[in-house]
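Have a look at the structure below before the remarks.
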Amino acid sequence: MLKQYIVQTCVIGMGGFVGASLRFIISTKVQQLNTGAFFPWGTLTVNLLGCLLIGILFQLNETCQLFSPEIKHFIFIGILGSLTTYSTFSNDSLNLILDQRYVASAIYMSTQLIVGLFAVFMGRWLGKIITQGWYVTPFQG
């Protein structure tokens with residue numbers, strides 16, 4: 001039992017390294033493309049991308065059971081958990097409010113929530129389209 005817990009923790013940690021690295025690279029590059037205007041475009045981009053990816057991968061796994069428990073932990077908790085952080089979203093929102101940029105803050109928070117939910121919905125829809133007609137034997141792990 002302890003060995004399994006240690007393995008799962010290591011798998012999640014490796015995924016976290018990948019997700020955090022991707023988050024840094026993507027958000028930095030996106031923010032560099034939008035110089036001059038202070039708006040957390042990098043955070044918005046990685047959060048929406050993460051929502052889309054979790055939708056697609058969740059639906060693929062629901063339909064085809066593609067992932068073992070370890071791979072699910074690696075992807076969903078590790079990679080996507082560190083790629084899309086709610087804490088960064090909250091901090092960026094508060095910074096906009098403290099800077100008295102109320103309209104920008106409202107737009108940012110609304111976009112994160114509404115478009116994020118829509119991205120997860122679209123991801124699941126795309127996952128269904130991708131797997132339509134597939135016959136996959138459920139994972140026997």
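One is the number of the first residue shown, and numbering goes on along the chain from there.
Glycine is treated like the rest: Cβ placed from N, Cα and C.
Going by TrEMBL, these are the annotated features:
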type	residues	note
TRANSMEM	5-26	transmembrane segment
TRANSMEM	38-59	transmembrane segment
TRANSMEM	71-89	transmembrane segment
BINDING	GLY81, THR84	Na(+) binding site
TRANSMEM	101-122	transmembrane segment
Neighbour count (Cβ, 10 Å) for THR84 (Na(+) binding site): 22
Same-chain residues at least 6 beyond the ends of the transmembrane segment (5-26) whose Cβ lies under 8 Å from its Cβ atoms: 42, 45-46, 49, 70, 73-75, 77-85
Neighbour tally for GLY81 (Na(+) binding site), based on other Cβ positions within 10 Å of its Cβ: 18
